[in-house]
Amino acid sequence: MAEDTSSPMDRFCGSTFWNATETWYTNDPDFTPCFEQTALVWTPCAFYWAFVIFDFYYLKASLDRNIPWNKLNVSKALVNLGLLVITALDLIMALVKKGGDSELPLYDLDVWGPIIKFATFLLVFIFIPLNRKYGVQTTGCQFIFWFLLTVLSIPRCRTEVRLDAERQKILNSQQPSEQDFSWEEYQFVSFFIFFTFTSIMLILNCFADGMPRQTKYQRGENEIPELSASFLSRITYQWFDKMALKGYRNPLEEKDLWDLRPQDSCSEVMPIFAHHWNQNVRKNYKNKARVEPKAQFSNGNVTFENPHGEKNGRKKGMASIMPPIYKSFGGVFLFGALMKLFTDTLTFAQPQVLSLIISFVEAQEAEPEWKGILYAVLLFVLAAAQTFILGQYFHRMFIVGLRIRTALINAIYRKALRISNSTKKESTVGEIVNLMAVDAQRFMELTTYLNMIWSAPLQIGLALYFLWQQLGPSVLAGLAVMIILIPVNGVIASRIKTYQIRQMKYKDERVKLMNEVLSGIKVLKLYAWEPSFEKQVLDIRDKEIATLRSTAYLNAGTSFLWSCAPFLVSLVTFATYVLTSEANQLSVEKVLVSIALFDLMKLPLTILPMLSVDIAETQVSVNRINKFLNSEELDPNSVLHDSSKPHPMSIENGEFSWGDEITLRNINIEVKKSSLVALVGTVGSGKSSVVQAFLGEMEKLAGVVNTVGKLAYVPQQAWIQNATVRDNILFGQTYDRKRYNKVIDACALRADIDILSAGDLTEIGEKGINLSGGQKQRISLARAVYSDADLYLLDDPLSAVDAHVGKHIFEEVIGPKGMLARKSRVLVTHGVTFLPQVDSIYVMKMGEISESGTFDQLVKNKGAFADFIIQHLQEGNEEEEELNQIKRQISSTGDVPELLGTVEKAIKLARTESLSDSISVTSADSLMGRGGSLRRRTKRQDSHDSVASAASLKKKQEVEGKLIETEKSQTGGVEFAVYKHYIKSVGIFLSVATLVLNFVFQAFQIGSNLWLTQWANDQNVANDTGLRDMYLGVYGAFGFGQVVTGYLSTLILSLGCVYSARYMHNVLLHGTLRWPMEMFDITPLGRIVNRFSKDVDTIDNTLPLNLRVVILQLFAVLATIVVISLSTPIFLAVIVPIAFLYYFAQRFYVATSRQLMRLESVSRSPIYSHFSETVTGASTIRAYNVGDRFIEESDAKVDKNQVCKYPSVIANRWLAIRLEMVGNLIILFASLFAVLGGQTNPGLVGLSVSYALQVTQTLNWLVRMSSDIETNIVSVERIKEYGETKQEAPWELEQDKNKPKNWPQEGHVEFQNFQVRYREGLDLVLRGVSFNIKGGEKVGIVGRTGAGKSSLTLALFRIIEAAGGRISIDGVDIASMGLHMLRSRLTIIPQDPVLFSGSLRINLDPFEIKTDDEIWKALELSHLKSFVKSLAAGLNHEIAEGGENLSVGQRQLVCLARALLRKTKVLVLDEATAAVDLETDDLIQKTIRTEFKECTVLTIAHRLNTILDSDKVIVLDKGQITEFASPTELLDNPKSAFYSMAKDANLV
């Protein structure tokens, strides 16, 4: 027995350890008992001991504690105990039965075997109560341990059963035997008990433990199932099934989503990152004096240290975000990297198994069948293992990416609340928001691929190593081709990039132009200018299409390079291989394994160049974020809070700057308790800066600033949040109804709130978009008053409100009797009116305080203050009664004659200006609930107008419920009609050609591969070089066919998509410009612009790419099925159920994923808008000291975005694992059938298996991309919808051509019982209006707001169509002509002057039909000639968007010039309400009287004096004519409405 040839293992067991003849070279394979009892048991044990460290890590990392005892963990403990008992028994029995006296020798195995098992089980057993105590619900190591143990014990089951059968035979045979089988019997029984127990443990480990009792975070009903999912459920993502099912049944909504995993939330991620960041910051200081504790948790707030540090700490350099990121998130990342390494190795095992299968088929007769089955199963196991590990790897990487993004967004947010003003000046709000939106996002996208930095070279290296083994040095030829292709690709890619940038530029231009066109659409329609602008848009679009076309050629180029790369590489390699030496012959195995390996190299080679670009871009992002996080912060100690000082607010000898030169010097201000201090001075004298100095916003160079108590601040430009009115006023405080109502009344907000659709719960748009300036200012003031602070800093809060509102607010809030009378207040003001009532006045001049004192003292001084008053009065902004008040105040102070003279002058001025505006505004006034004289300065106009318009809006809303239709977020699938529409727009021929070419391409590819195997199988090639060259030639020809068809198919598809994009955009543009005006009223501008930007962009760029990939992959899958079926026809039987599985996975995924993507993008924008809001309002937030609340809000928004983002990441993994398993089944069946099907051609078999190996990747892509297409084809649907919307009447009609050139010759306008309404279902605005105007008459139209004045002009231009009656001009019914015929023959000077960006010339004459002389003549008559002459570019002067670079008056004059250029017989003059200054107004009137003498002029008047000299006056009321006669006639009749209006306006 004991020969010395035996190995140590043989001695250890006392029997053979490994016997190849018994295990491998046999038809009935089996392991030796020794191998079964050592290797197969110790492998799982060793695995567990190696990886138990992870179990310890999970104990440490767990956030929960204390799982109650339950059936599961009790059974685990009991079964484990059973195992411990049985193992201990084994040891005891061995010591009893063997060795010593008994004839059975005791081997080492009998002692050590049980001991090793016992130790391992004991370790597992210890973890049961530990996991329970630390709340770990499932562990992977244990599951894998039991799984391995159970599976590896199966061979021993077979052996034991066989041995038992043999024993029974011996016992049953007749002769009585001497042998004692008791030890063997015992082993048999003990092993099966052991095996049963391990199987039970495996089953128990498939489930997760119960819920922990103590959790760090509330775990609600809605918690994510992953937290309590078992290991098995986690790696298969089975816990996600519920969500997938729900999403499949009906579209997911936000309430269906799960809560965030606590460890991904801001409150967990932030402290870790902050801790490492602060460490990193401290490292950068030479003086180590500042030692601070770790990131503290003061009620969950995280403090970040300021890398700028105190002024004394010398700095070693910038603190970078990279080290803290490594330290905070590196662990998970490294674990991921480990997994990646593992899968990379598995990938390269596949070609090795493939070569085994091929050699098995070649030697079919010699080899036993079980080997083939083993290979097939091995291939499947490899693929499956790879699937699961990769799934976990990507999941881990995504989590790291999400956490990094969370950390960065939060760090940036917290920093933004503290940056100093000099930092803020360096970058715009947009740039700071981009740090968050672009740079932090970029990190997240990169993490998934970051491991490719080492993985790609590793994969390439491994592939080369294995290829070298197959083909020797010839590999280098193929490698050379691959490497040459990389720079070629790089060059093309950079070209594509330049084209993309160019296309983006054109797109921006086009969208900007569209934006203007849509904003000014009403004017375009009135002027009939649409064709000119349509042409401008189409010109830009043509440039864009040209760029897209070039890109299409280049894209075809790259895809052509990639489709022919693998082929070229294999051609060159094989050619080199066979031509270098006679001895080199191709065998099937060589060919197929090499092709498989080349395929594996393709991906890393493509990714590397892309990755390097990405990393470079991310590096830029890192630098930008570092620069921002290291920028200077406000010094928190610049303002002291020393309560021992006598006054609550004071500045002593202050010097301050905004970061560059000194702005304020020698500032000494004291604000006594409960006093009101005014700061006055000319514009730019530094009044606001003083307020900022009190807030600590300025850099303090010298002096002491002291404030004691809670601050409230009203900035000059009101900062309004995108929230309800009430939230804006409460600003985070609790709602106290009584106090709230008091504040509202005091700030004169009651009327405004009543007008808003939902009262004070109306949502205010971003930046307070739906409020007027005055309303914003009052809300901002109300916020301050409500906050009930001790100190108030009011920076000119009365500038944007009207005089009487200002007076009300001063009395009720700011003044000595107001709500704030008991507080200390600093008021910056421009108005002189309130100065007599303040406690003291500081006069600012050039950044210094020139004098201070009470009103009376300062007036007597005759210093800067007196000058200020004089200058102020000359501007003439004050109302008559207020001036009288000042006059009284000044005259009471004694002799100040020159001042009094100025006041008298101002009073006169105010009288002459007392406006006849009453008509249009009385209604608004009564709305405001208080009278007061009326102003006519634009400055003051706006809050009134907005009230009036808001009122009319509210009425409208009540009538129609809702003005703006909500956009339908597309849910569910897309109808086939949309696809049909798209294919039609591409063109039937091109669509068919694409499919045919792709088909031919795949045919060539299969052909070339079949040809290769044919060549490899041919035995005669070895002796016949001619035959060899023929094979090589044909192979080359096949390849050439592939290359050509590949290029053409891509090119044709790309060009087809470009044609389609062009056609779609034209349809969209054509349709939108021909909408009736009412469509523009109910569709928000942004939504239309979105169609022109986002949807058109999708059709230009995203869809073509998706289609290309889908078509390619689809044909690849079909090719795979064809090849496998060729070699093993039985495979077709399996295809049907597999396709079924695949289809289901795809349907479930698409429905769920699409909705999750939508939710995610919806939840992402609030993060950024909240951030940009914060950046703009940072000083207010700091003044009120509510930074922490804003940080919490931001965190909540980020968490909410993660709630949507995380499931969509999981959905991807869920799908990938299911699809790849489907693919793995294809591999399994393809290889099984190949092995069992008795197929004798090894080439075909190898080919079918290698095709199957690729199918998983392809399937995965196919689903992804097809679901992308479904998501993106929605754009086609939306564009189609806009192109098919209701259109207005045709622009040109045939019969118009017969009309004379100068029609209308008379200008005779007649309304006959005319009725009109704005939209279906609304009331009539004109109810049967009839009047007759002879050619050349001048007619004024007056009436209160809403009487229908504007409707009259709109009806004349057919912007709104008649509901009854008719209008005729020169006897022709206007309804019978083309719109452009009609509109181009009437002239209008509209109310609001709309200008478009472009040259001045285009603005006057967009069709370029007038000569320069005519244009100059018009400019001269409209008093613009001298202005235009003074411009460098003259007529080609570029006008900014909306005419921003011209004053309102000049814009109005440009409109006049337009009218003069067109000069038709009928002129409509819609008078400007927010009138230009008086002189411009007179100029316009004069020009109209002289130039349009012969024309019929209809004037819609807001001021009566302009129409007193007209021939007739029409007075409208509620859509009917109440009076129609000459003005003199009406004024003679005191009962007429016209008379009473004139009286209101002091004209009679």
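Just so you know, glycine gets a Cβ as well, placed from its N, Cα and C.
For 39-58, 78-96, 111-128, 324-342, 373-395, 449-468, 559-579, 988-1012, 1032-1059, 1105-1124, 1130-1150, 1215-1237 (among others), the entry in TrEMBL reads transmembrane segment. For 334-617, 992-1271, the entry in TrEMBL reads domain 'ABC transmembrane type-1'. If you look up TrEMBL, you'll see 649-871, 1309-1543 marked as domain 'ABC transporter'. According to TrEMBL, the feature region 'Disordered' maps to 928-952.
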Segment-segment contact (the transmembrane segment (111-128); the transmembrane segment (324-342)) at 3 or more Cβ pairs under 8 Å: no
Region pair the transmembrane segment (1032-1059) / the transmembrane segment (39-58), three or more CB pairs under 8 Å: no
Chain residues in Cβ proximity to the transmembrane segment (1215-1237) (below 8 Å; excluding those fewer than six residues from its ends, i.e. six or more beyond): 236-237, 357, 360-361, 369, 372-373, 375-377, 379-380, 383-384, 387-388, 390-391, 394, 1120, 1124, 1127-1128, 1130-1131, 1134, 1138, 1141-1142, 1145-1146, 1149, 1153, 1245, 1248-1249, 1251-1253, 1255-1257, 1259-1260, 1263
Positions on the same chain near the transmembrane segment (39-58), where near means CB under 8 A and six or more residues out: 31, 113, 116-117, 120, 123-124, 127, 131, 136, 139-142, 144-145, 148-149, 152-153, 155-156
Same-chain residues near the transmembrane segment (559-579), Cβ under 8 Å, at least 6 residues beyond its ends: 467, 471-472, 474-475, 477-482, 485, 488-489, 492, 585-586, 591, 594-595, 598-599, 602, 606, 1001, 1005, 1008, 1012, 1028, 1032, 1035-1036, 1039, 1042-1043, 1046-1047, 1050, 1108
Within the predicted model, mean pLDDT of the domain 'ABC transporter' (1309-1543): 86
For the transmembrane segment (373-395), sequence-distant contacts whose Cβ falls under 8 Å of one of its Cβ atoms, 6 or more beyond its ends: 235-237, 336, 339-340, 342-343, 346-347, 349-350, 353-354, 356-357, 360, 448, 1209-1210, 1212-1213, 1216-1217, 1220-1221, 1223-1225, 1227-1228, 1231-1232, 1234-1236, 1249, 1253, 1256
